[in-house]
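Colleague: Below is the structure I would like to discuss, written out as structure tokens.
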Amino acid sequence: MTVEVLGTVLGTAIQGQIVGKVDTPCVGSPFFFGLTNSSVAMEELNMTHDTGGLTDTRNAYMIAAGVIGGLYVLCALILVLGVRERRESCELQSDEPVSFFQGLKLVMNHGPYIKLIAGFLFTSLAFMLLEGNFALFCTYTLGFRNEFQNILLAIMLSATLTIPFWQWFLTRFGKKRAVYVGISSAIPFLILVVVLDSNLFVTYLVAVAAGISVAAAFLLPWSMLPDVIDDFKLQHPSSRGHEAIFFSFYVFFTKFTAGVSLGISTLSLDFAGYQTRGCSQPGQVHFTLKMLVSAVPVGLILLSLLLFKLYPIDEEKRSKNKKALQDLREESNSSSESDNTELASIV
């Protein structure tokens, strides 16, 4: 997870340095030109600002996309060519495989998995809303148009540096407690950034605190999911090979929240009267941005913490599951060895 967040930092730095060097012209509010001719004034203003700056911006985004896409392909090739799957001996037995839909039904009926993805569904939605609107919030509400890339970089660097801390914390105090402490630690800072007046130091402080919670949000879902799979294996010992369903649907719900957050943000800002490329925004837009980066994420985080209260796999149950799985593996290995010995004696 440290490497994943480090890769996100690298992508953020590349994107920020390439795109941030291009000065995109903003468009003044049409209300300064009178309400009757606002559309005409906006059209004339767009034409006067236009082609040079927008062309440079488009080219900068294309270059950044090409560089990051090239890195993506390189990493994918290293993964495909450098990693080989190793199966356990108990999985090499010729059991009748369960069909995909039967496996999906079993997975979706597993209570701990549903509670875990429900909790992190709302957590992911909270951080997606914060991430998706933080640029506009910094630009228009806080007035830090030229500082956004550095603030975002501070968030990701903070996340990278604190992942080892959360790894130590969850092994020392347990994963459920790490969830409560890690994710809820962002709440006071999210409230602080909208309550206080615009202040660059406070904004960077909030960015570092948000990075600490982002690290917990990166690490904890993937550290808790194997516990759910272990619990499923104990309840369905004869049903194997469903790990791909667990992981793929986990990723699907994460991407689903990204789409939902985009829809919520777009509709909310449109209803508030957001002006694309505007040098300033109406008061309703400032209020909407405050809701999208503070009030709504805080409410979603609190809701997710209530759902995690229902998550049944604590440290005690996890230790019992681990011991039971180890006993099953030893029993399976001893059974396999006895079968091989019997076969050899017959030969």
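Yeah, the Cβs are placed from backbone N, Cα and C, and that goes for glycine too.
Please treat TrEMBL annotations as automatic predictions, because they have not gone through curation.
Found this in TrEMBL, in case it helps:
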| type | residues | note |
| --- | --- | --- |
| COMPBIAS | 319-332 | compositional bias 'Basic and acidic residues' |
| REGION | 319-347 | region 'Disordered' |
| TRANSMEM | 60-83 | transmembrane segment |
| TRANSMEM | 116-142 | transmembrane segment |
| TRANSMEM | 148-166 | transmembrane segment |
| TRANSMEM | 178-196 | transmembrane segment |
| TRANSMEM | 202-223 | transmembrane segment |
| TRANSMEM | 244-267 | transmembrane segment |
| TRANSMEM | 287-308 | transmembrane segment |
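Have a look at these and tell me how they're positioned relative to everything else.
Modeller: Sequence-distant contacts of the transmembrane segment (60-83) (same chain, six or more residues past either end, CB-CB distance under 8 Å): 7, 10-11, 14-15, 18-19, 21-22.
Cβ atoms under 8 Å from those of the transmembrane segment (178-196) belong to residues 119, 123, 130, 142, 166, 169-170, 202-203, 205-206, 209-210, 212-213, 215-217, 220, 224, 290, 293-295, 297-298, 301-302, 304-305, 308 of the same chain, restricted to positions at least 6 beyond its ends.
Residues 100, 103-104, 107, 113, 117, 120-121, 124-125, 128-129, 132-133, 221, 225, 228-229, 232, 292, 296 of the same chain sit 6 or more residues outside the transmembrane segment (244-267) yet have a Cβ under 8 Å from a Cβ within it.
For the transmembrane segment (287-308), the list of distant contacts is 115, 118-123, 125-127, 129-130, 132-134, 136-137, 140-141, 176, 179-180, 183-184, 186-187, 190-191, 193-194, 264-265, 268-269, 271-272, 274: same-chain residues at least six beyond its ends, Cβ to Cβ under 8 Å.
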Colleague: Could you tell me what the rest of the chain brings near the transmembrane segment (148-166), counting residues at least six beyond its ends with Cβ under 8 Å?
Modeller: 1-2, 5-6, 8-9, 12-13, 15-17, 19-20, 134-135, 138-139, 178, 182, 203-204, 207-212, 214-216, 218-220
Colleague: How about long-range neighbours of the transmembrane segment (202-223): same chain, 6 or more residues beyond its ends, C-beta under 8 Å?
Modeller: 1, 4-5, 116, 120, 123-124, 127, 130, 138, 142, 144, 147, 151-152, 154-160, 162-163, 165-167, 170, 175, 178-179, 181-183, 185-186, 189-190, 192-193, 196, 250
Colleague: Per DSSP, what is the residue tally for the compositional bias 'Basic and acidic residues' (319-332) in helix, strand and coil?
Modeller: 14 helix, 0 strand, 0 coil
